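Below: the structure, in structure tokens.
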């Protein structure tokens, strides 16, 4: 029971920030499916981040515990890796999506990814650290990840609609650098353990709340300005559709797509049974892991053993479940006639 309470305490704060993110995106709301996809990408990004951080830990200059070593760890091993992974999944899988059609969407998607990262990380920390860790991280680490995502996303949104690639790259790097700097400061204060460091950490988090509010407000204003003029909005949608059409032809090939009477592109029906079979096998695997957890949990008297089994199940089923959902969804879309792109 105690483990389940800790799990709820770990999940609740990130999801509250996620709910607030959805609430702020009102002018031209993003599809809930895309938001959940970005959240899942953030969860998945914890795995490469952990791998890279683990490999960097073998370097000799990260093993010390003095202030210079703490700074090196914060600004080289942790902050750029975590912020980079959260950003990379959005640039790879969301950047060219047709729903990314305004500057504020950069804030929405990058922040959703950051919250997903914070969610999974928080579950691991809270289950191993207990109630005190849950309370402390809810007012420090969770706001840090969220508002670093807001700040970085504000630059990514502007970059998506920049006049040229060079300007876009500069904007993305600026947002990334800002997030790394803030995250590095936070980790330095957190690892220093002095009373003055605790005060500085809390002041930094408080400042992030104000900065996040500013960027949320700026994103709303940009969104309102973009969609205020009906003619301009129509042109934006036309330009976005043209770009999307070009990408569709390149991605699928002319022989696999059709155009209906209204000029909309659709994917011709095609069975891809391997997606369905693979997805169902992944579902069965994940289900079996959690059945094992319930069986062991019912008979276990040791909280430590129960927590260890939970970690195993969570680690082993997170990515397979996400992949199963994506594969099954893709299979069903391909089976439907006139699957519009």
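First residue shown is number 1, and so on along the chain.
Note: Cβ is positioned from N, Cα and C throughout, glycine not excepted.
Residues or ranges marked as transmembrane segment by TrEMBL: 6-22, 34-62, 107-128, 134-156, 168-186, 198-216, 281-298, 304-327.
Beyond the transmembrane segment (304-327), the same-chain residues lying 6 or more positions past its ends with a Cβ under 8 Å from any Cβ of the stretch are 3, 7, 40, 43-44, 47, 120, 123-124, 127-128, 275-276, 278-280, 282-283, 285-286, 289-290, 292-293, 296-297. Just going by CB pairs under 8 A, the stretch in 34-62, 107-128, 198-216 that sits most against the transmembrane segment (6-22) is 107-128.
Listed by sequence, the residues of this chain that lie at least six past the ends of the transmembrane segment (198-216) yet keep a Cβ under 8 A from its Cβ atoms are 24, 107, 139-140, 143-144, 146-148, 150-151, 153-154, 182, 185-186, 189-190.
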